[in-house]
Amino acid sequence: MAHSVSSVVNKQLLAYIKESSELMTPKDIYVCDGSAEEYHNLCELLVKQGIFTKLNETKRPNCYLARSNPADVARVEKCTYICSEKEEDAGPTNNWMAPAEMKAKLNGLMKGCMKGRTMYVIPFSMGPIGGPISRVGVEITDSPYVVVNMCIMAKVGKKVLDLLGVDGTFVPCTHSCLAPLEEGQKDSTWPCNIDNRYIVQFPEEHRIVSVGSGYGGNALLGKKCYALRIATVLSREAGDSLAEHMLILGITNPQGKKYYITAAFPSACGKTNLAMLNATIPGWKIECVGDDIAWLKIGKDGRLWAINPESGFFGVAPGTSYKSNPNAMKSCEKDTIFTNVALTEDGDVWWEGMTKEVPKGKIITWLGKEWSADSGEPKPNLAHPNSRFTARVENVPVGDPGYYALEGVPVSAMIFGGRRENTVPLVFQSRSWKHGVLLGSSVASETTAAAEAAAGQLRFDPFAMLPFCGYNMGDYFGYWLSFADKYDEAKLPKIFHVNWFRKDNGRFLWPGYGENSRVLKWIIERVEGKEGIAKETPIGYLPAKGALDLSGLDVPEADMEKILTVDCKAYLSEVEKIRQYHSKFGSLLPKALIAELDALEQRLKAAL
């Protein structure tokens, strides 16, 4: 039978299924084949169970809405662990517990936890099946919601089993909602066990176990758990690879020459918007390879090549509109799973920021409560601030053909950036690869008044990887630095830093969105070695006067002056903040990184 364990021949997988079923005692076992028919059947099952609502087939063909438990709505960093053999290998940015202690805890929670449920076995490939940068995982879960989302987010099914063959290896990813069902017991519409959430990575074993949560980032284990936390470990072991929280975009100039750029930004800095940008400058075209994760590897030619290991977008819905990101909106017009957004009277979805006006008629909020604009009741959050859409990469109208390339795409430039109201210029280029690593290690965003910390405080998020690095971040900086020693720096990507968010008296100085293509144009011209377009400053290379293409753009010269000037005095206090942050890594902070920061300080002092 196609979906029974008898269809499995891989030795590691057979042992994994046996060990999992003996511990968790499911009522039956189902091996996923990744077919459209299977997806349809599971969605129908989820509708029957009350977990999915089918949306209006005319407005949103083949789309469904799910509502989670109100307490299970986001990644939970406090419940996320890197259980390395030694505590120092997890480092100061990760939670740690001794592996033996964690396993005892998990085994206690998982004994019989799938009682009355089906155990789904999901063989998946991160990246094109059989590609040199791609890797395989198998997720075992008791959640059909996880299965259908994984079928969008990764390449699932028989081809992966064929690739594994008898002796192939994979990363085992075990997930359970920890909600066993007794005979005749009515099931919940969102099984979870909030008080027992653990999202655990065992780096030496290349193994993931996540229990208690049914939510995306905690339950779709191919995503952050594998594609970043375990993949950072695998990449360092390989010695020639990186696994990064980066978008990948293709940019073609008017002469038809194409380049690829990766970019890492902390959350709420517009990563998906940049990945799906519509360029505003004539003759330039931007296409999307991926919006969240990049796996990179040095190719035979000495260049760094990248793949998007995912096959879908798990996008934040609120704030996404036809104005802010038309391509993201088009990508979720069909074949999409929505989680925790509002349901309109005509069977469509809505979220804050989608349109100026709230739709007329009755709306069911993400909490399943009825509300309407004319009810006289104050408007609640109709969609949860972290509500999501899960859509296929193929749906995006600006998809880049490089997404399908087995060997990936060659990367010419890397961008880091944060949300900074002052000090940090619109764009600058690092002086070298090692100086670029300093930029990555000091990525930061200012907290807003809405955050718990005082407004204007810096929250550092090195490489935008703070919650996602699977080993000690000091070692991670050292591994990045090693690329300059091991490889020809001339062939490595040029590194840049951007900041779209400079303000003056509360007013943004740069229009952002599609106009950011003007900054990408300058970056590509720097990659091409165009003369006379950059000026050297203590922090790196900035656009020379007149070098940024501002044609047809109405930005006052005084504003451009502000965002393209280095305030050395303000930057010296920046250096102090970076030094203070770096001190948390103690003796594992690489000396070469300290030397880069010292040199930056000297250049700034000399320029005063």
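Numbers here mean position along the shown chain, with the first residue as 1.
Backbone N, Cα and C define each Cβ position, glycine as well.
Arg75 is the only one of Arg75, Arg507, Arg518, Arg526 that Swiss-Prot places in the substrate site (with Tyr215, Gly216, Gly217, Ser267, Asn386, Ser387, Arg388). What Swiss-Prot records for the Mn(2+) site is His245, Asp292, and among Lys224, Lys257, Lys258, Lys323 the residue it adds there is Lys224. For the binding-site residues Tyr215, Tyr513, counting C-beta atoms within 10 A of each C-beta gives the highest total at Tyr215. With every protein chain in view, the residue among the binding-site residues Arg75, His245, Arg388 whose Cβ has the most Cβ partners within 10 Å turns out to be Arg388. With respect to Cβ neighbours within 10 Å, the binding-site residues Asp292, Glu515 differ, and Glu515 shows the lowest count. In this structure, the recorded positions under consideration are Ala268, Cys269, and the one with the smallest number of other Cβ atoms within 10 Å of its Cβ is Ala268. In the set Ala268, Gly270, Thr272, Tyr513, Glu515, none of the binding-site residues has a C-alpha within 10 Å of the C-alpha of Gly217 (substrate binding site). Considering only the residues assigned to substrate binding, Arg75, Tyr215, Gly216, Gly217, Ser267, Asn386, Ser387, Arg388, the longest pairwise Cα distance works out to 18 Å. Neighbour density at the Cβ, taken as the number of other Cβ atoms within 10 Å, is lowest among the binding-site residues Thr272, Asn386, Ser387 for Asn386. Within 8 Å of the centroid of the Cβ atoms of Arg75, Tyr215, Gly216, Gly217, Ser267, Asn386, Ser387, Arg388, where the record puts substrate, the same chain has further Cβ atoms from Val73, Ala74, Phe314, Val316. Taking all protein chains in view, 22 other C-beta atoms sit within 10 angstroms of the C-beta of Gly217 (substrate binding site).
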